[in-house]
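Colleague: Annotations for this protein, taken from TrEMBL, read as follows:
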- 6-394: domain 'Major facilitator superfamily (MFS) profile' (DOMAIN)
- 9-30: transmembrane segment (TRANSMEM)
- 42-63: transmembrane segment (TRANSMEM)
- 75-93: transmembrane segment (TRANSMEM)
- 131-149: transmembrane segment (TRANSMEM)
- 161-181: transmembrane segment (TRANSMEM)
- 221-243: transmembrane segment (TRANSMEM)
- 255-275: transmembrane segment (TRANSMEM)
- 305-325: transmembrane segment (TRANSMEM)
Amino acid sequence: MEPAAKQKVIYITYLIAALDITWLFLQFSITPYLARRLGFDTIWFGYLQTTVGVIQLLGGPIYGRFADVFGARAALSVSCLASVVYFLLLAVADNTFMLFVHKLPAVFMHALPGAQMVVADLSENEKRADALGKLGLCFGIGMIAGSSLGGTLSTRFGEKFAASFAAVGSFVSLLLVLNFIPKQTKIHTVPESNKKGSSNSVFNLGEITRLMKFPGVAKTFTVKIISGLPAGIFQVMFSIIAINFFQLKAEQNGYLMAYFGIVQMVIQGAVIGRLTSRFSESSLMLLSVGISSLVGLAQAMMTNVFHFCLIVIPMMFSLSVFNVITDSMLTKSVSPSDTGTMLGLCASVQSLLRTVGPTIGGFLYEAYGVPSFGYIQCIINAAVFSFLLTTGGRSQPNRP
């Protein structure tokens, strides 16, 4: 594929990712109010969130393997089609059972990892972190657009109309995928593992776990889980913190979410690319973990929403750099035919946090209060920082 054609596909992929995040955040403006109207209390809403985490935790690695076997177009098509079904079911959900049932298509809804695979396949190694970082810019755009659009549509036309609108939007994304994303985006269309006679099955767990044996993968993946756990728990509990600790109303919380989106857009769109062109990925990972530790200490000491708004800038910087750099390092550590499976595993980390986060976060919040989240983040990331510093980051070479 010519460089100009590759760039066009990458830009279309950015658009698809931005649209997918828009519909996702539009849904966030529907589900809590629908759940409350159907009689859900905090515990049952937590069960609903945990259900999504478990479903996507199981689906992430399988989706990544599916993308490697059948190609980017097929994988993104499945994700967009699942989104259409997801929102149609949400539109007709009028009882507790249907609200849980509408979450089932989420097992296939992994458009962001699919978009990451396309970008990783079509970008040069030295520009991969910057290209993946631009997807974070799309995330910020989708966060702002989806939150605003969801609130407006739900208020003026009702929840069913908003969900139906998202279903139509997902169908538009499906048309973009079918018309502009090539069937295969990989340089090597035959997986290296297949050449060795291994199974081509999507459900072959051996092919998924095999990636952990590549040099440096297990270490980076472990760091990604351990370092990301405290921040993930804080994010899962943030809606409770915003209401009970900061005493924010729904409108004020919307402004805060928009602020998150703007900060993330600036960092991933204008900062990460400059950093990756000047510093090594192992150095940036070390920097992000160190800043995350300091952010945790600041969170433990904050007392109002103004303090938190100041903390958001280094918090979003450390999260953005850490996620982009670790994803880039992991995809470079495996063969080109395995990038989809690896990105699926990376996505499953976030699903794992959404699965265990409500339970751990709820216990910490009730027993020790909001400062406990910050102290734990500070201690864990300080330990990870010391480990990376003493082991010299990642010493293994990238794959050819």
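Heads up, the Cβ atoms here are built off N, Cα and C, so glycines get one too.
Help me see these features in their spatial surroundings.
Modeller: Tertiary neighbourhood of the transmembrane segment (9-30): same-chain residues 1, 76, 79-80, 83, 87, 90, 111-112, 115, 118-119, 122-123, 131, 134-135, 137-139, 141-143, 145-147, 149-151, 153-154, 159, 162-163, 165-166, 169-170, 172-173, 176-177, 180-182, 185, selected by CB-CB distance under 8 Å and a gap of 6+ residues from either end.
Sequence-distant neighbours of the transmembrane segment (131-149) (same chain, 6+ residues past either end, Cβ-Cβ under 8 Å): 10, 14-15, 17-29, 112, 115-116, 119-120, 123, 254, 257-258, 260-265, 267-269, 272-273, 276, 320, 323-324, 327-328.
Only residues 6 or more beyond the boundaries of the transmembrane segment (255-275), in the same chain, are considered here, and those with a CB under 8 A from a CB of the stretch are 129-130, 133-137, 139-141, 143-144, 147-148, 242, 248, 284, 305, 309, 312-313, 316-317, 320-321, 324.
A Cβ distance under 8 Å defines the sequence-distant neighbours of the transmembrane segment (305-325), meaning residues of its chain 6+ beyond its ends; these are 129, 132-133, 136, 224, 227-228, 231, 246, 248, 256, 259-260, 263-264, 267-268, 271-272, 275-276, 281, 284-285, 287-289, 291-292, 294-295, 298-299.
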Colleague: What is the average pLDDT across the domain 'Major facilitator superfamily (MFS) profile' (6-394)?
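Modeller: Its mean pLDDT is 84.
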